[in-house]
């Protein structure tokens, strides 16, 4: 889920923290920790085929095994490396106990989608079948293992986080091992990543720019410390606890900006008995849940940035061909062509970063505030939220 409404809030209240990167090559030379679970979900959703105008299905080999995740990981990783990026994939570890409630909700939503899919199939509505099929997509442990093996053979480093992938992405960036994190999850900022890239793994056919979001600039414009920003994110709505009914991102922002903490803001809400505001019982008492959520963001379980090995190696060509062609049914000529591109990309990775490709978001509210435009392509351009873990 990430943080509800945070992107829109930043576009309105801290627009200068967001930049559009029109060309991926502008990021050349940077190592980026990529949320692998999010990327896998994107590939499973986006890389599909439709026969005869019917509903789309994930790509499969002759044995009926899904290969969308491998196709996406292979092609998009090579594209990043050809543009000079140095990707480091970070996979999810065990889900935190506090996320059990959110995971249960996702399970319920999948059950609802399954029922809706059955009804749509009965009616033969291809559009609805496609829509509900995508809601049922999730990356399996086997998908993860397939991609880890693929990355190993490509010579691309990958890490399995002890817990949340985006938290370890942030830790690697804060520890100076990578420049930024690449994920659609806005809670990477809550975990403290200095620079966040969104849309890195989106298909180039969509022709939408990468978004760069800088945390320090966001905090400056919001006039908040990172601790206050964490409280804001919890109030907006996160994976670790239910939010307060009647308190959306704007009210949360105003509340934290004025009262500096959730504790102080809650005291005011209770005192004023604000209309339409319902504070969950778990937010009250001696051990309110928001304190545990705060701890999850400020002291997450992450990889040791200093001790983690990150090394890019030469691809193992023969083994890579065997894995993709013989085991997973890829076309050999295409795989060989892609391997040639992969090998050539090694020289590109040392290319200097080209700041001239950056485009500052346009002004909206004069000198004080510059409002960022809505995402191109509307909802279809925005990357779907994962059904991970």
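Glycine is treated like the rest: Cβ placed from N, Cα and C.
A quick note: this is a predicted structure, and the numbers were derived from the prediction, not measured.
Mapped onto three states, the DSSP output places residue 164 (Mg(2+) 1 binding site) in coil. Among the features that Swiss-Prot reports, Mg(2+) 1 binding site is placed at 35, 92, 164, 166, with the record citing sequence analysis.
DSSP assigns residue 237 (DNA binding site) to coil, not to a helix or a strand. Look at Swiss-Prot and you will find 48, 76, 164, 237, 239 tagged as DNA binding site, backed by sequence analysis.
For residue 187 (Mg(2+) 2 binding site), the count of additional Cβ atoms within 10 Å of its Cβ stands at 23 [all protein chains shown]. If you look up Swiss-Prot, you'll see 185, 187, 239 marked as Mg(2+) 2 binding site, on the strength of sequence analysis.
Annotation source Swiss-Prot lists compositional bias 'Basic residues' at 367-389.
For the region 'N-domain' (1-110), the model gives a mean pLDDT of 82. Annotation source Swiss-Prot lists region 'N-domain' at 1-110.
Look at Swiss-Prot and you will find 103-124 (among others) tagged as region 'Disordered'.
If you look up Swiss-Prot, you'll see 128-259 marked as region 'I-domain'.
Per Swiss-Prot, the feature region 'Interaction with PCNA' maps to 350-358.
Here Swiss-Prot flags 362-389 (among others) as region 'Disordered'.
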Legend entry - 10 Å Cα neighbourhood of residue 239 (DNA binding site): matching binding-site residues from 35, 92, 166, 185, 187: 187
Inset, instruction - For residue 35 (Mg(2+) 1 binding site), just count the other CB atoms lying within 10 A of its CB, please. - result: 30
Legend entry - Secondary structure tally of the region 'I-domain' (128-259) (DSSP, helix then strand then coil): 69 helix, 18 strand, 45 coil
Legend entry - Cβ-Cβ neighbours of residue 237 (DNA binding site) (radius 10 Å): 21
Inset, instruction - May I ask which of the binding-site residues 76, 185, 187, 237 is closest to residue 35 (Mg(2+) 1 binding site) if we compare their C-alpha atoms? - result: 185
Legend entry - residue 166 (Mg(2+) 1 binding site): nearby binding-site residues from 76, 185, 187, 237, Cα cut-off 10 Å: 185, 187
